[in-house]
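Visitor: A single structure is presented below for examination.
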Amino acid sequence: MSGQLGSDHDARLSGDELKPVDTNASSQVKDVLHVTHETPYRQVNFWGTYVAAGTGALAAYGGFVMPATSIALIDADIGPSPNYYWVILAWTLCLAVGYTLVGRLSDIFGRRWFFIVATLLATIGCAIGATAQSINTLIGASVLTGLATSAQISFNYTLTELVPIKHRFYVLTGIFLCAAPFSCFGPYISRLFIVHTKLGWRWDYYANLIANGISLICYAVFYHPPNFHELHNRRRTRWQEFKELDFIGIILYIAGLLLFLMGLSWGGILYPWKSAHVLGTLISGALTSVVFVLYEIYAPLKRPLVPMHLFKNWDYNVLTIVSAVGGMLYYSLNVLYPTMVAALFTTSITKVGLLSVAIGGGVGLGQFGASLVATPGGMLRWKIFAAVVICTATTAALAGATKEATASGLAVVASICIGALESFAGVAVTIVIKDQTEIGTAAGVYGSIRSVGGVLATAILTTVLQGRVKSETAHHVVPALLTAGLPATSLEDFLVDLGAGDVTAAEKLPGVTVKVLEVAAVTLRNAYQKSFETVYLVTLAFGIISCIAAFFSPSIESLYTDEVMRQLHPAGGKRAQGVESDTEQGYVEKHAVQVVEK
């Protein structure tokens, strides 16, 4: 059977003649793809794996959203520490790096143990976070949970490869529902934990610890995807594959990405943009990343970390750009919107959390709805385009939102579209790639690029916000406070206390009167209002790029077939032999998959 293609599949794809794989190229590494038309829906292992992925996603989203939205309160409890920002930064960095590594390495060595170990790391990380007595310990927990999350939210390929291609969008519907309690309502739940439980914010970690424990058990018992020998038809050994790994590429990739993202994240927050810390990491990270790309292109690698032929696929590139801009808006809104709510509408701990649900809840609803509507009626490219246009418009419209209800409504609509984009593009990239043995690699690179876009946009928009607030404060707030009678000697401390939300400390400063506090409340609100106007208008630049890219989104309806690329099996169960697929050069013209003749 080896080297043969299913003729009925050929006809279903497009009617064009498919190019068979060159199985005589001895210099190329061969992988095996077992393809069947049998669905997994009656298999206990499939549903056990589904529960593992669902609870893992719940814990992964909660592991970021809940601590991120309560980090100032956590720092007040076990800090204060100048390093508290690293609790979120460490998670983001590890996630961005881990996506590509998990996808590529699990394509080569098999997925089972990568996902079991990742979930174990998440469990340990949550246990450490729940019992942490210092911010530095919490940073360590974020490293573990961030690395683990790169596997836990990779269900866009671990599950979709187990079902027929035409069902790939539908199969994620239940995962988004599983994740909804924390991905949608995490900010509010976290604030409820803080206000109404004895352990407070520690329940952020205990709750995720429970979810991770369930996921770990289910992965260990039920998740038995193709193992190493099945992936390579017993023609390769683990040692052979290990020796051919792209170690230099891995080092360059990790170093370049970490340095560049740290520079972006530090700028304007931990250090000034002109400081040696920021410029040094940005420049060294950018140069290292350039060297990495050149190395991947020109080095004679059998197993490149990032196969550059992925970027010769126009459809893949378009979907990645569209999603990267969606990631820019998502990460930015997660940071900016809670700040906007606290500055303009309310300082209540629970109400800030409730209003912040607009982002997570909208994204969750968008993911769920998009997974249901992506396939029916076709026209995916226009669904993507519509989502991008609406998202761009509503995000920019937040610039004029002066009322709580208006801001919440716009934020919900924008977030729904962001979630829809994530669902549309996240599955579509697994369909448009030409070699399904690289599905983890393609989805991993896509995820890393999306994360980098998010960090980049957050750095840009946060810098714009800080700069505008500083300017507005100097030109409008300070003169108004001095006119109201605040002594110049108390001015700096007064502004610092109000910026930290410590009104009690501000009231105790010399010369602070009721009139001064009233003037401060009005002028600072106006300053933030004008600052957010600028920030949200800046998002138009990202949105317009995404709109242009979305216009060229692919039409992939012809690729919705009933082929299943990977199958689960009982531990120790036997598999049918598949056909060889060349993972380095190319295989079929049109997307094709290798099919086992029955």
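Cβ coordinates come from backbone N, Cα and C, glycine included.
According to TrEMBL, the compositional bias 'Basic and acidic residues' annotation covers 7-20. What TrEMBL records for 48-558 is domain 'Major facilitator superfamily (MFS) profile'. The annotation region 'Disordered' is assigned in TrEMBL to 1-25. The annotation transmembrane segment is assigned in TrEMBL to 44-64, 84-102, 114-132, 169-190, 205-224, 245-269, 275-295, 316-333, 353-375, 382-401, 407-433, 535-556.
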Visitor: Sort out the residues at least 6 away from either end of the transmembrane segment (316-333), same chain, that have Cβ-Cβ distances under 8 Å to it, and list them.
Guide: 310, 359, 363, 384, 388, 391, 395, 411, 414-415, 418, 421-422, 425-426, 428-429, 432-433, 442, 445-446, 449-458, 461, 539, 542-543, 545-546, 549-550, 552-554
Visitor: Have the transmembrane segment (407-433) and the transmembrane segment (169-190) got at least three CB pairs under 8 Å, pairs 6 or more apart in sequence?
Guide: yes
Visitor: Does the transmembrane segment (275-295) make contact with the transmembrane segment (245-269) through 3 or more Cβ pairs under 8 Å, each pair 6 or more apart in sequence?
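Guide: Yes, the transmembrane segment (275-295) and the transmembrane segment (245-269) are in contact.
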Visitor: Give the mean pLDDT for the domain 'Major facilitator superfamily (MFS) profile' (48-558) on the 0 to 100 scale.
Guide: 90
Visitor: Within the same chain, where does the transmembrane segment (353-375) have neighbours whose Cβ lies under 8 angstroms from its own Cβ atoms, ignoring anything closer than 6 residues to its ends? I mean 6 or more beyond.
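Guide: Distal contacts: 61, 65, 69-70, 166, 169-170, 172-173, 176-177, 179-180, 183-192, 330, 333-334, 337-338, 341, 345-346, 383, 387, 404, 408, 411-424, 427, 560.
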Visitor: Between the transmembrane segment (245-269) and the transmembrane segment (535-556), are there three or more C-beta pairs closer than 8 Å, counting only pairs 6 or more apart along the chain?
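Guide: Counting Cβ pairs under 8 Å (6 or more apart in sequence), the transmembrane segment (245-269) does not reach the transmembrane segment (535-556), since there are fewer than 3.
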Visitor: With contact taken as 3 or more Cβ pairs under 8 angstroms (pairs 6 or more apart in sequence), are the transmembrane segment (205-224) and the transmembrane segment (535-556) in contact?
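Guide: Checked: the transmembrane segment (205-224) vs the transmembrane segment (535-556), no contact.
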Visitor: Taking 44-64, 114-132, 382-401, 535-556 as candidates, which has the most Cβ pairs under 8 Å with the transmembrane segment (169-190)?
Guide: 44-64
Visitor: Grab the same-chain neighbours of the transmembrane segment (382-401) for me: Cβ-Cβ under 8 Å, and only residues 6 or more beyond its ends, written as numbers and ranges.
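Guide: For the transmembrane segment (382-401), the far contacts come to 322, 325-326, 329, 333, 340, 366, 370, 373-374, 407, 410-411, 413-414, 417-418, 420-421, 424-425, 532-537, 539-540, 542-544, 546-547, 550-551, 553.
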